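J.: Quick one: the structure is below, questions incoming.
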Amino acid sequence: MTKKVYVKTFGCQMNEYDSDKMVDVLNAAEGLEKTDTPEDADIILFNTCSVREKAQEKVFSDLGRVRELKEAKPGLLIGVGGCVASQEGASIVSRAPYVDLVFGPQTLHRLPQMIDARRESGRAQVDISFPEIEKFDHLPPARVEGPSAFVSIMEGCSKYCSYCVVPYTRGDEVSRPLDDVLTEVAGLADQGVREVTLLGQNVNAYRGALAAGSSEIADFATLIEYVADIPGIERIRYTTSHPKEFTQRLIDTYAKVPKLVNHLHLPVQHGSDRILMAMKRGYTVLEYKSVIRKLRAIRPDLSLSTDMIVGFPGETEDDFDKMMALVHEMSYDTSFSFIYSPRPGTPAANLHDDTPRDVKLKRLQHLQATIEENVARISQSMVGKVERILVEGPSRKDPNELAGRTENNRVVNFPAPLASHPRLIGQMIDVKINHAYPHSLRGELVLVSDDASAATH
């Protein structure tokens, strides 16, 4: 009987990428297949996030739930990876003695060896070291599950924002060699991937050697240009970027590379210079707006999303008003916004915080309501227009229909003959938008040339 692995992922796209790699590593080494049901698994892995306290505590809550599974199946192995593993290390085993494996983002490729050591010794294995970027040299070729894929181009972050734990859990910035990234993207394209999302904690800081051991360095703009030249790749996204390193060369890439989508996620974190300084972000609101102004001079319809932290220590009503003014001016399409969560070991954790929790919550609700109004307005403005979408697969709402994604990252559901589904999935097609809903759009095929052939055969 085929053994199975269950992976639960918390947090960012970097973790989603890492989770896929965990499955690939275990499949190549031990023939394990992925399962969506922990009860069916022989190995259960939690890929964790420590950006906020709530996410961190949820991991231990989930661990408590799978403890019963281990009692019923003694051979079951339980592992904790990701940023909580890096931060907590062996203390995870002290708190949850039934955990067998603790590993960091940079050591997931060692999972097969850790599993062997656990079985031989009977003791929990902990490896949260930072071995540069060696994991990419030990990962098997990616297995594709659709026309879009994540590709990690670097690890870590060297910005050390005062509130952020990432540099301590993922290490400083280390870039993959250019040819290594291009080889992975080309391999994905050969398997039918049409859209890649280039991943890093701060992709703007990418400085990859042209090849392993080379002294010549490629910046992020160069990487994008090379990826765009790979046959089969029709769309390029990236996340996350940092305003401080948004160079003119990267801005110019939006004019040079049509395959770079008309959507940008650029975290601002706050709209007050005073708070940005306390966060150690390294830029002012004016400098942030200058980047957007230059980008929209090239791409007037550029869709913009961001991250925002409400209730940072010392935030006044005036600071929050400045944040809201920026939200209105930038017309953000989406925002990942949260109340500030102090993380142990970060400088901001020691700052005095005298803002009541209910005030923070009220501010967050106001911010999110405003963003939702923006989302609804932008979605409604797309009704009646023809959008180019990448067809990703059957619609979640109705498997008899198909779903795809626009450049500004909206899901579009549309009817298509069942017989045409295999031909259309993975294709770029035109869809006329007829209706806008809170979290999706609905449209109809605009049949031209190959699209018409695909839809009728």
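Quick reminder: no glycine exception, Cβ is built from N, Cα and C everywhere.
On a predicted model such as this, the values are computed, not experimentally measured, just so you know.
Swiss-Prot feature annotations, pasted as is:
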- C12, C49, C83: [4Fe-4S] cluster 1 binding site (BINDING)
- C157, C161, C164: [4Fe-4S] cluster 2 binding site (BINDING)
- 3-120: domain 'MTTase N-terminal' (DOMAIN)
- 143-377: domain 'Radical SAM core' (DOMAIN)
- 380-447: domain 'TRAM' (DOMAIN)
J.: Of the binding-site residues C157, C161, C164, which one has its Cα closest to the Cα of C49 ([4Fe-4S] cluster 1 binding site)?
T.: C164
J.: Go ahead and report the DSSP secondary structure tallies for the domain 'MTTase N-terminal' (3-120): helix first, then strand, then coil.
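T.: Its residues fall into 68 helix, 23 strand, 27 coil.
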J.: Non-local Cβ contacts of C12 ([4Fe-4S] cluster 1 binding site) (under 8 Å, 6 or more apart, same chain)?
T.: C49, V51, T240
J.: Do you know the DSSP helix, strand and coil residue counts for the domain 'TRAM' (380-447)?
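T.: Taking the domain 'TRAM' (380-447) as a whole: 9 helix, 33 strand, 26 coil.
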J.: Taking the mean position of the Cβ atoms of C157, C161, C164 as the [4Fe-4S] cluster 2 site, which residues outside that list, in the same chain, have a Cβ no more than 8 Å away, listed in sequence order?
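T.: So the extra residues in range turn out to be K159, Y160, Y163, V165, V166, P167, Q201.
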J.: How big is the gap, in Å, between the Cα of C157 ([4Fe-4S] cluster 2 binding site) and that of C83 ([4Fe-4S] cluster 1 binding site), rounded to a whole number?
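T.: With the alpha carbons as reference points, the distance is 13 Å.
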